[in-house]
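A.B. asks: Handing you this structure, nothing more for now.
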Amino acid sequence: MLLALAQWLQGDASFLRLFTYLTFRAVMATITALGIGLVCGPWVIRKLTQMKVGQAVRKDGPQSHLVKSGTPTMGGVLILIGIAVATLLWGDLTNRFIWIVMLVTFGFGVIGWVDDYRKVVHKDPRGMSSREKYFWQSVIGLFAAVYLAFSVSEANNVRVLDLFMAWVRSGLSMGLPARADLMLPFLKSISYPLGVWGFIVLTYFVIVGASNAVNLTDGLDGLVIMPVVLVGASLGVFAYVMGSSVYSKYLLFPHIPGAGELLIFCSAMGGAGLAFLWYNTHPAQVFMGDVGALALGGALGTVAVIVRQEIVLFIMGGIFVAETLSVMLQVSWFKYTKKRYGEGRRLLKMAPLHHHFELSGWKETQVVVRFWIITLMLCLFGLSTLKLR
């Protein structure tokens, strides 16, 4: 919004050219989202407390968690408010990637909000059924996947539509330009052509998978938000590189026109996340809830797809991957041993993985900070792929 205003008034006030610089707007988006979160945080927490949306705590989990019962949840709305305001203020609202990422983020946020609302307001411990939740996630994920298959491949919406119609006329069998290929880290001249169907399937699993992986990780005070901020910031760097014809050529990456604007969104997400951490750090005053976790995971997945860094997301989000695998392995092993031996057995003391470490004697803050450190190292490793190719 401010970019459009600056471009309109630029002839009358030359200092407004500052607003056209992507890096300046990214910094301001961070500050704006951070400020909104810090200022509005107490009001949001107070309103959530008045709504009596207290978090229910598992009685079979670590005993130290029982004191958290009643802490207001659904605090992810604070993050979404910061992201929305900062992105709309400092982003280029004519950029198609901004809108598709916002659509996925807030679409998944609505799903999470409904799930949380049913759990804590209607006192329905099931919330949305898994089938219902995955259905709506799939609707949003597939829509985004189809759009991005053609949007990543072309420079503007007119050419996106032309490419889509050409695909339809080809009997749904046409391939995609090279910039839509799956990029392999550390290999500068090797990529894997996905085709339209391969792109759609991969994108669907990345977006929906990332959303649910972040949601599973959200189990301790401050645990998930810092990895989200770190991974989001790293993806913002990739977006800046991919969106620049100069840097992308120098670093041997495909140039994706318009992708650089995602730096604004990632910066807003980082600022909003840090503001939320102010109130979510141990002992937490508010929990994120599904409204925040599903939204942020979907956002990370969508940005990673646009900048063609799906594999790098898998690396940088290693904590999310480990948490998800721990649940899958725990459930699978329990079912297998119950069928084989007549009683279910566990691989871990408790899943997701962070609870296993708690029950192994780690304090909650130790688990959280160590997971942060691991994520920081993984993000630095992921960023090294910019040059080590």
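Just so it is clear, glycine is given a Cβ too, placed from its N, Cα and C backbone atoms.
Just so it is clear, the model here is predicted, and its values are computed rather than measured.
Grabbed the feature section from Swiss-Prot, which reads as follows:
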type: TRANSMEM; residues: 25-45; note: transmembrane segment
type: TRANSMEM; residues: 73-93; note: transmembrane segment
type: TRANSMEM; residues: 97-117; note: transmembrane segment
type: TRANSMEM; residues: 135-155; note: transmembrane segment
type: TRANSMEM; residues: 190-210; note: transmembrane segment
type: TRANSMEM; residues: 222-242; note: transmembrane segment
type: TRANSMEM; residues: 258-278; note: transmembrane segment
type: TRANSMEM; residues: 286-306; note: transmembrane segment
type: TRANSMEM; residues: 311-331; note: transmembrane segment
type: TRANSMEM; residues: 366-386; note: transmembrane segment
A.B. asks: Counting CB pairs under 8 Å, which listed stretch among 25-45, 97-117, 222-242, 311-331 touches the transmembrane segment (135-155) the most?
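C.D. replies: Result: 97-117.
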A.B. asks: Using Cβ atoms and a strict cutoff of less than 8 Å, what residues sit near the transmembrane segment (190-210) while being 6 or more residues removed from its termini?
C.D. replies: 104, 134, 137-138, 140-142, 144-146, 148-149, 167, 172, 174-176, 178, 180-184, 297-298, 300-302, 304-305, 310, 313, 317, 320, 324
A.B. asks: Are the transmembrane segment (366-386) and the transmembrane segment (97-117) close, by which I mean at least 3 Cβ pairs under 8 Å that are 6+ residues apart in sequence?
C.D. replies: no
A.B. asks: Among 25-45, 97-117, 222-242, 258-278, point out the range having the most Cβ pairs under 8 angstroms from the transmembrane segment (311-331).
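C.D. replies: If we count Cβ pairs closer than 8 Å to the transmembrane segment (311-331), 222-242 scores highest.
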A.B. asks: Determine which recorded stretch among 97-117, 222-242, 258-278 has the most C-beta pairs below 8 angstroms with the transmembrane segment (25-45).
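C.D. replies: Going through each listed stretch, the top one turns out to be 258-278.
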A.B. asks: Would you mind listing the long-range same-chain contacts of the transmembrane segment (222-242), meaning Cβ under 8 Å and 6+ residues beyond its ends?
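C.D. replies: Residues packing against the transmembrane segment (222-242) from afar: 22, 26, 214, 248, 251, 253-256, 259-263, 265-267, 269-270, 273-274, 276-277, 280-282, 284, 288, 293, 296-297, 299-300, 303-304, 306-309, 312-313, 316-317, 319-320, 354, 367-368, 371-372, 375-376, 379, 382-383, 386.
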